[in-house]
């Protein structure tokens with residue numbers, strides 16, 4: 001895979017194989033029995049699926065070495081932040097230059 005070393009490729013492939021085995025070990029329940037029995041089997045199946053999903057996330061985060069969540073948005077330095085209550089356009093939260101401002105729609 002591009003941008004990765006061979007060792008991490010093998011570790012990633014091994015993690016994917018483990019996750020695949022986990023999901024294959026929990027097949028969807030068979031549609032037989034009473035309505036209540038089927039409902040209980042589906043409920044237990046969904047609970048196992050949630051557990052498998054959380055285990056899979058832990059395996060991947062350990063293997064890849066980064067959290068599954070995206071990196072938080074980087075804000076500009078605190079000195080450049082201000083509260084602007086005007087209705088003019090521009091990026092909110094950052095100071096705009098005080099030069100010529102063109103207003104659309106004003107005569």
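Glycine too: its Cβ is placed from the backbone N, Cα and C atoms.
Features as listed in Swiss-Prot:
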type	residues	note
MOD_RES	5	phosphoserine
MOD_RES	8	phosphoserine
REGION	18-26	region 'Homomultimerization'
REGION	26-50	region 'Disordered'
MOTIF	34-50	motif 'Nuclear localization signal and RNA-binding (RRE)'
COMPBIAS	36-50	compositional bias 'Basic residues'
REGION	82-107	region 'Disordered'
MOD_RES	92	phosphoserine
Would you mind giving the whole-number mean pLDDT across the motif 'Nuclear localization signal and RNA-binding (RRE)' (34-50)?
96
Run through the region 'Homomultimerization' (18-26) and tell me, per DSSP, how many residues are helix, strand and coil.
7 helix, 0 strand, 2 coil
